[in-house]
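**Q** Sharing a structure below in C-alpha cells format, with a few things to ask.
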C-alpha cells in the first residue's frame with residue numbers, strides 16, 4: 001500500500017518499447033518503496049516524464065510534454081534519452097525540472113526522489129550508460145494484461161551513420177540466458193499470452209557476453225516457457241543466420257514474424273549508411289527467408305531522403321518494395337542528428353522531397369498490404385483478445401501477423417474473454433486491419 005506521507009508521483013511515457021521497460025521498472029521501484037504512482041498529473045506532487053530523443057520529431061514531442069507540464073507549474077523529473085542527450089540545457093531552460101535522470105540511471109529513481117525531497121536539484125547522469133535491469137528489479141507492466149515486452153540486451157555496438165542510439169544508450173550489454181528465461185517464466189506465471197523480445201539489435205544477443213551471438217540458443221530455451229506466443233523484434237540483416245531461422249521454425253511458440261529494419265535497398269545508400277551493403281545482400285536475405293520460413297510475416301522500415309539519395313536510388317527502393325511484397329512497411333524521412341556520421345554529409349535532401357518520397361513509398365505499399373490482408377479472409381486464425389468496446393460488444397485483438405502498436409488489429413464479434421486466444425473466422429479486410437467472427441461451435445483456441 002502507498003505510504004500517505006510520501007509524495008504522489010505520475011508518469012508520462014514517451015518513446016519506444018525499450019523505453020517503456022525502463023518506465024515499468026521505475027514504477028515498480030517507486031511502488032515497492034511506498035510511493036503512490038499513477039497517471040493523474042493533476043493530483044501528483046511530481047511528474048516523471050520518460051522521454052525520447054531518437055529523431056527530431058520525438059524530441060519535439062518530448063519538449064511539448066515538458067513545456068505543458070511546466071506551464072501547469074508541475075515539478076518535473078526528466079528521464080530517458082532526452083535527459084541523457086541534453087541534461088544541461090534542460091536544467092537551464094526549465095526551472096520546473098527538479099531532476100534529470102539518464103537512460104542508464106533509472107535504477108536510482110527512488111534515491112533521486114528522496115534527494116529532491118531534501119531540496120536538491122538532481123543531475124543523475126552516467127556519461128556512458130552501462131546498466132541493464134534483470135528479473136530481480138521490480139517492474140509494473142503498463143501494457144495490456146496478456147502482453148509483455150522482454151528486453152534481452154541494451155545498447156548497440158553498431159554505428160549506423162544516421163543513428164544516435166549508441167550515444168544515448170551506450171554499447172551493447174546482454175543479460176544472461178538464465179536471467180531472461182527466468183523472467184519469461186515469471187511472465188508466464190502472471191498469465192501473459194504474448195512476449196515480445198526486444199533490444200537494439202536482437203540478433204546480436206549474447207555477442208558481448210558469450211563471444212558469439214546466442215539468439216538461436218535463447219529461442220530454443222524460450223520454447224520451454226509456457227507462453228503461447230513469443231515474437232521477435234529488431235533483427236539485423238546479417239544476424240538472421242540459418243541457425244536463427246531454423247530455431248524459429250522448430251520452436252512452436254516462436255511466431256513466424258520478423259521485424260527486420262532494412263533501411264534501404266540500394267548498395268550505395270546502404271554503404272553511406274554504414275549498413276550491410278554488398279550488392280543484393282537484402283534480396284538474398286529475403287529470398288532465403290521466404291524459402292526457409294515460407295509462412296513468415298515480415299515487417300520492415302526504410303529511411304528516405306538520406307543525404308545524397310538520388311531519384312534513381314529511390315526508384316531502386318520502390319522496385320525493391322514492389323518485388324518483395326512485405327507484409328508491413330514503415331517509412332521514415334531522414335532526420336539529421338548532430339553527432340552522427342551522416343550529419344555533416346553533403347547533398348542534404350530538402351524536406352519537401354523527403355516527404356514526397358515517403359508518401360510515394362507508402363502509396364506503393366498500401367495495395368500490397370491490402371492484398372496480404374485480403375488473403376486472410378475465409379481463414380480461421382488465432383486472435384489474442386485485448387480490448388472490448390462496451391457500447392458495441394465488439395472485441396479488439398491481434399492475430400500472429402500483427403505486432404502491438406505498429407501493425408493493425410482484428411475487430412471481432414462473438415463471445416470471448418479478455419486476455420485469451422480465440423479462433424476467429426476472418427470475414428473482411430482493409431489495408432491495415434482485419435474483421436471477423438468467433439465461430440459458435442468453438443470458444444477457445446487450443
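The backbone N, Cα and C atoms fix where each Cβ goes, glycine too.
From Swiss-Prot, for reference:
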DOMAIN    7-118  domain 'MTTase N-terminal'
BINDING   16, 52, 81  [4Fe-4S] cluster 1 binding site
DOMAIN    142-371  domain 'Radical SAM core'
BINDING   156, 160, 163  [4Fe-4S] cluster 2 binding site
DOMAIN    374-440  domain 'TRAM'
**Q** If you draw a 10 Å sphere on the Cβ of residue 52 ([4Fe-4S] cluster 1 binding site), how many other Cβ atoms land inside?
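**A** Step by step: centre on the Cβ of residue 52 ([4Fe-4S] cluster 1 binding site), count other Cβ atoms within 10 Å, giving 20.
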**Q** Nearest by CA distance to residue 52 ([4Fe-4S] cluster 1 binding site): which of the binding-site residues is it, out of 156, 160, 163?
**A** 163
**Q** Between residue 81 ([4Fe-4S] cluster 1 binding site) and residue 156 ([4Fe-4S] cluster 2 binding site), find the distance joining the two CA atoms and give it rounded to the nearest Å.
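**A** Counting only the Cα atoms, the answer is 14 Å.
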**Q** With an 8 Å cut-off on Cβ-Cβ distance and a minimum sequence separation of at least 6, pull the same-chain contacts of residue 156 ([4Fe-4S] cluster 2 binding site), or say none.
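**A** Expected: 163, 165, 166, 169, 171, 172, 200, 201.
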**Q** Show, in sequence order, which residues other than 156, 160, 163 on the same chain lie with their Cβ within 8 Å of the centre of the Cβ atoms of the [4Fe-4S] cluster 2 site.
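**A** For the [4Fe-4S] cluster 2 site, the extra neighbours are 158, 159, 162, 164, 165, 166, 200.
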**Q** Cβ neighbours within 10 Å, counted over all protein chains: which one of the binding-site residues 16, 81, 163 has the most?
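**A** Its Cβ has the most other Cβ atoms within 10 Å: 81.
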**Q** Apart from 16, 52, 81, which residues in this chain have a Cβ no more than 8 Å from the mean position of the Cβ atoms of those residues at the [4Fe-4S] cluster 1 site?
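**A** Here the nearby residues are 14, 15, 18, 19, 51, 53, 54, 58, 80, 82, 168.
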**Q** Measuring Cα to Cα, how many Å separate residue 160 ([4Fe-4S] cluster 2 binding site) from residue 16 ([4Fe-4S] cluster 1 binding site)?
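**A** Here the two Cα atoms lie 18 Å apart.
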**Q** Need the DSSP three-state call for residue 81 ([4Fe-4S] cluster 1 binding site) to compare against my parser.
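**A** Where residue 81 ([4Fe-4S] cluster 1 binding site) sits, the three-state DSSP reduction gives helix.
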